[in-house]
Amino acid sequence: MKISNLVDQKDYRQIHRQLNKINHLAPTMAELSDAQLQAKTAEFKERYHQTHDLDSLLPEAFATIREAAKRVLKMYPYDVQVIGGIIMHMGNIAEMKTGEGKTLTAVMPLYLNALSGESTILVTPNEYLASRDAEEMKPLYEFLGLSLGCRVSDGERRIEPEEKRAIYQKDIVYTTNAVLGFDYLIDNLAENATKKFMPDFNYVIIDEADAILLDSAQTPLIISGAPRVQSNLYELVDNFVVTLKEDEGYSLDEKREGVWLTSAGIDEAERYFSVEDLYDSKHTELVKHIELALKAHTLFENEKEYVVRAGKVCLLDRQDGRILEMTKLQGGQHQALEAKEHVEITPNMRAMASITYQNLFKLFKKTAGMSGTAKTQEDELIDVYQMKVLQVPTNNPVQRVDEPDEVYLTLPEKLRASMELVKKLHATGQPILLATGSVELSEIYSQLLLAEKIPHNVLNAYNDAKEAQIIKEAGQYGSVTVATSMAGRGTDIKLGEGVAKLGGLAVIGTEKMLNKRMELQLRGRAGRQGDPGFSKFFVSLEDEIVQKYSGKKIEKYWRKHKDDPPNRPLGARYRRIVQNAQVVSEMSGESQRRLVLSFDESVKTQREMIYQQRNDFIFQKGEFSYDIMGLIEKDIVAFLKTPDLDAQAVKRYIFDNLSYTAKISSKKLDVTQPDKLKEILLGIAQNELRKKDKFLKTAAQKADFYRLCLLKAIDTSWIEEVDTLEQLKNLTLARTSSQRNPVFEYHFEAQKAYQVMRQNMRRLALQNLLLSTITVKKDGSLDIYFA
Ligand SMILES: Nc1ncnc2c1ncn2[C@@H]1O[C@H](COP(=O)(O)OP(=O)(O)OP(=O)(O)O)[C@@H](O)[C@H]1O
């Protein structure tokens, strides 16, 4: 058996040596009683304790869980799965074709790495997969004496930190990338150790690694809180924008990614809002709102980019068609969409914390991944994550028949042709998965099927609750399932009785996907585990990706013939043009990801410093070792360097920052003698601190007080900083067309902002320490009021 494309022969030999050892151990393991097999876990843990070496445990640990899987799950991992497991233990990405059984593969390295007692996490792209895999694999881990936690989002219920901590403390945790990311950010907003719940990041396996590490990485995670001043312009401006027409009141760029008012539109706006000059600086808010509303109406389409569910605008993940939990558009765009859809306008929140997936996963000591489609992006994966992609052969040859695309000129032709195929296959009883690129198109197909009286299920963002049931039925005789790309990854459709004889599942794609990997994943719902299967894609020149990413010539051709379409598939030349459009879309995705990553560099450096400092304070035990007086002195010295200082300013500084009650005459505040002045100010501060000491009887109370003052200062200024950087980024992005290097400019500004934040932070800490008041409660505990 050959693992292709190994970067070096050493990996190849090592993997095979390990596989041979594991196979060699198999008969011995098979002879063990259940109890003897189960006792292995404790034995391995003990040995790890002695040696701190997981590699030497690999053959036995893999052989043990392999045998246990046979007994508990009635599935014996094939050699190729063992190979995939070894690759992942080594911290690489295993590329195993769709349906080869990655869920079972992952348990081997997870079991081995959990023996260290350090955090061992499996991340999947969505909650359906996390829960499904956790549920299926739980009996196996428990048989071997390891605990499994499944961490999915809180939903309506608020989950307390203790409960989260209990899940993360399990030996192995299954979760999603979004939940893990948000948990990490929330954990770093905790004000004391009892609210912290995350473990130190050790080992993670990323399922569907390319989707998570690449596709999801195009949008950073942002936690919002603390509303901004709410604007009342959204509805007003929306009413205006709906009166405008394309190419009259506003224009869109070629790729339909940018939109602006035409000069007629500007005149119209000036009349509508009774302003003389719209671009006068006093109307910037109005202009901003008009831009947001224009974008809401032209660049965001209901049932494509978002859906309206229970009176809320919910964003959709373009990659997998699912609702993006806890995510809203920033900078007022979400509110503009709400105005467009006439639902309640939610407050526009400030960004409080943010991180990209790239930087989240870099926090782990070891990362590994698996996917059916990663090899093509290996360069980027090595570049960004230093992970190699090793391809594992299939257990049985793939039998699926993949037919070439059928390209039509217009959408109606495409719909008709694809429906013809559906009818033909359905007549034979072969189950069909009809895959669409948007909710909207899935609803259109549902209507067409209804008209043909073909019973079917629809799986899209509106009915995700029924997902498991729909998937269960999807492989049965005669079943037709219309699904968005929700059914594109990880979904395991099991074939019903007699279906293999009919050719297995037929996947019919109805749109060219944003990238080739999404397409392969969809095809991969059929022909799993060596089963028969069929796949074919229908495309039209009106598909979004073709319109956006193919040249002028195609557009001209389309315009010329669209009113009298040929009603037959276009030739091979057009298939190539469509392929090319997909390649361009992929390249645009990659450059977008690199841009996101380079923007995050500045935030990353700052975030690491801040989080480190917070953790130092939070977890500091015993006496509080931070040079409080040093901090105070620094601020005083910085203040005394203010140009043109006068006694009045010094007095203000004292009352604003050091003491409300200091009695000091202006005469004493001689600005010509800074050293003396410094001593006076330090004396005032010391005096205030001493007053506090009266309440802070024990060292622990004192430590708590100092910690709280400093943490509060860090958080207030850091949250402000995150928001500033987020706005700065949006501003820089809006100006990318200009000649300057936007990322460089952003880093420069971000660095300046950081310096300002440090000063603010120090000043706030000073105020918290000196101007707060402490009262003792009846039970002896303290209440602290901050100014
Ligand atoms: N060793 C095995 N013996 C028998 N059946 C297996 C074995 N491994 C996996 N399977 C079955 O193969 C099917 C596919 O497995 P799974 O869904 O994990 O594939 P996958 O590689 O994750 O696919 P995808 O790339 O689509 O996510 C499942 O029904 C699973 O039960």
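FYI, residue positions are counted from 1 along the chain as it appears here.
A Cβ is built for glycine as well, from the same backbone N, Cα and C atoms used for every other residue.
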Per TrEMBL: ATP is bound by Q81, G99, E100, G101, K102, T103, and from D464, D492, D543 the site also lists D492
Other than Q81, G99, E100, G101, K102, T103, D492, the chain contributes near ATP (Cβ within 8 Å of their centroid) the residues M96, L104, T105, R528, Q529
Among Q81, G99, E100, G101, K102, T103, D492, which the record lists as binding ATP, the farthest-apart pair of C-alpha atoms sits at a distance in angstrom of 17
For G101 (ATP binding site), the nonlocal same-chain Cβ neighbours (under 8 Å, six or more residues apart) come out as M75, P77, Y78, Q81, N395, Q529
The answer, for which of the binding-site residues E100, D492 has its Cβ ringed by the most other Cβ atoms inside 10 Å, is E100
Within 10 Å, the Cβ with the most other Cβ atoms among the binding-site residues Q81, T103 is that of Q81
Here the binding-site residues are G99, K102; the one whose Cβ sees the most other Cβ atoms within 10 Å is K102
What DSSP gives for E100 (ATP binding site), in three states, is coil
